[in-house]
Each structure stands twice: as C-alpha cells, then as structure tokens.
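Now, the feature entries from TrEMBL:
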BINDING   R80, R124, I125, G126, T127  phosphate binding site
BINDING   Q203, R205  substrate binding site
DOMAIN    40-289  domain 'Nucleoside phosphorylase'
Amino acid sequence: RENFIHLCNPHLEKMKEDILYHFALGTGTHDFPALFGDVKFVCVGGSPSRMKAFIAYIAEELGLGSPDCDYPNICAGTDRYAMYKVGPVLSVSHGMGIPSISIMLHELIKLLYHAKCSNITIIRIGTSGGIGLEPGSVVITRQSVDATFKPQLEQVVLGKTVIRSTNLDEQLAEELMQCSNEIGQFNTVIGNTMCTLDFYEGQGRLDGAICLYDEEEKLQYLKKAYDSGVRNIEMESSVFAAMCNLSGVKAAVVCVTLLNRLEGDQISSSHDVLVEYQQRPQKLVGYFIKKSLGKV
C-alpha cells in the first residue's frame, strides 16, 4: 500500500509555484519527482559535515559509492542547510534547536510531497546528554517530552496555544532496537527523550553564564526526569515528532549520549572518543536501511 505525504495546508494547492527558500529550491525551477521521487529514507541531523559523512557512509554500505566519491550539496545555493542524496537515501542538516529544525521540516515535508514520494521513513540521528546511562549509549526515543515531562509540543499559533502530540512510531523503534541487538556493538535502550529550549538552564546545567539554582536542585530535577522515563536530553525531538505525526510520516529519533548528566555537565571525552560515539547512530540507522532494502 502506498502511503503518501499528507499536507495539512490547503493553501498550497492554490500556489502556482512553491519556493523552498531555505533550501534554494522551487517547484518552478526544479523537477522534484525526477530529483527526489525515489527517496524512501530521510536522515536528518544538526551538522552539515556530519550529514555529508553519513551520506558517504551509507553510499558505501549500499554499494552505491566509494570512499573517494564526492557528494554535491543539493542546497549549495544557501548556507542555511545542507542536503545530500544517494539512491533512495536523503541526508539533510537541520541546525540546532526547535526553530531551526522546524523551518527545515516545513520545507522538507513539502519537498517530499511535491516529489510524490511514498512510504517514507524519517530518522533524526544526533547527540544528546544521557541520564543514568554510560556515555556512548544510544537512545531510541519512545516519546519526546517537554521540560515538565509531558509528551507534547506547546506552540503559539495566531496568538493561541496549540498542543501537539510528540509520540513516535512504536514499531519503528522496536525494529531499530532489533537492529542494534543484531549489530551487538554498543548499549542501546528505548526511552523518553526530553526536548528543551536551550542547552544550559533549560537542561539544568551549572556551567552556563546564568545559573540561579544549586547542584542539589539540579540533581533532584534530573532524577525526577529519570523516574518519569527520560533517558536523554536534546533540543529538536518534540517538533520533529509533532510535524511527522501531522504529515503521516513514520519517524524515529536515534541519539547517542555524550555524557551522564547525573555525573557532570561538561563534555570531557577526547575528540577521538566523541567521533566514535557520534558514529553509533549512523551505524545503527545504516544497518536498518540495509536490512529494509534486503542487503543484510
């Protein structure tokens, strides 16, 4: 059964041309079905360089490229986001925080719609702060929760507060967990992910420019988060889950933890260790894509 992108915007049908400004793409200048019609998997992450590394990795894994291949940035006409493609896989950067990924997702969802893509799976791969987990553990998100541990995104639209669900696809999460078990290289758990509005106070850090609470209050809050099912903290998952839900897209969030926040606030691991940690979500999602395509 073909499952197409659902657009929650009747106004788009009345537009002669749709300009995806932050991608430097448009329906009047680009043939979206020809460029993107075969896409089945979209992987998004914060850093342009990380997403370029991912497309090179998946190309080699799928036998569609070699280590010395260069992959052009489809969004080279802008410096906001970077986009790379190989075979049925699209790799897109989203920047940092809810506003940045929200803008990217609006245009990405429209791109997939205009390209007439079907049966799409979108996965966010990234880094996070862990709670009660050894650094390097991978968390597959069950629900994205806000800073009060509610599984919702609160957004103000036309001056009114709108509440949107932030649940993620349970079956996809279980499939990814099974893939990690088959790889057997690193600890992986399914848990809730807390999505915050900033990196310092919003995540209870003691090392920001402003901090008006003490260490005991911080630890009480993080332990309360752990008891509610939260296993990691990042800054994009809530709007990612909400927008994918509204668009009828199967979605997952797979993030590695760079530290255990119950033991500190600053990321002190060596560069080489952090690079290896950051490759873990890439390996897991790469294996999932290969398995989905019958190449494992």
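Each Cβ is built from the backbone N, Cα and C atoms, and glycine gets one as well.
Values in this document were obtained by computation on a predicted structure and should not be read as measured data.
When the binding-site residues R124, I125, G126, T127 are compared by Cα distance to R205 (substrate binding site), the shortest distance belongs to T127. Over the domain 'Nucleoside phosphorylase' (40-289), the average per-residue pLDDT in this prediction is 97. A separation of roughly 20 Å, to the nearest angstrom, links the Cα atoms of R124 (phosphate binding site) and Q203 (substrate binding site). Across the structure, T127 (phosphate binding site) and Q203 (substrate binding site) place their CA atoms 14 angstrom apart. Every protein chain shown contributes to the tally, and the Cβ of Q203 (substrate binding site) ends up with 23 other Cβ atoms within 10 Å. A separation of roughly 17 Å, to the nearest angstrom, links the Cα atoms of G126 (phosphate binding site) and Q203 (substrate binding site). Proximity of R80 (phosphate binding site) to non-local residues of its own chain (separation of 6 or more, Cβ distance below 8 Å) is seen for H22, F23, G95, I103, given in sequence order. Counting only the Cα atoms, the space from Q203 (substrate binding site) to I125 (phosphate binding site) is about 20 angstrom. By the criterion of other Cβ atoms within 10 Å of the residue's own Cβ, the least surrounded of the binding-site residues R124, R205 is R205. Of all the Cβ atoms in the protein chains shown, 26 others lie within 10 Å of the Cβ of I125 (phosphate binding site).
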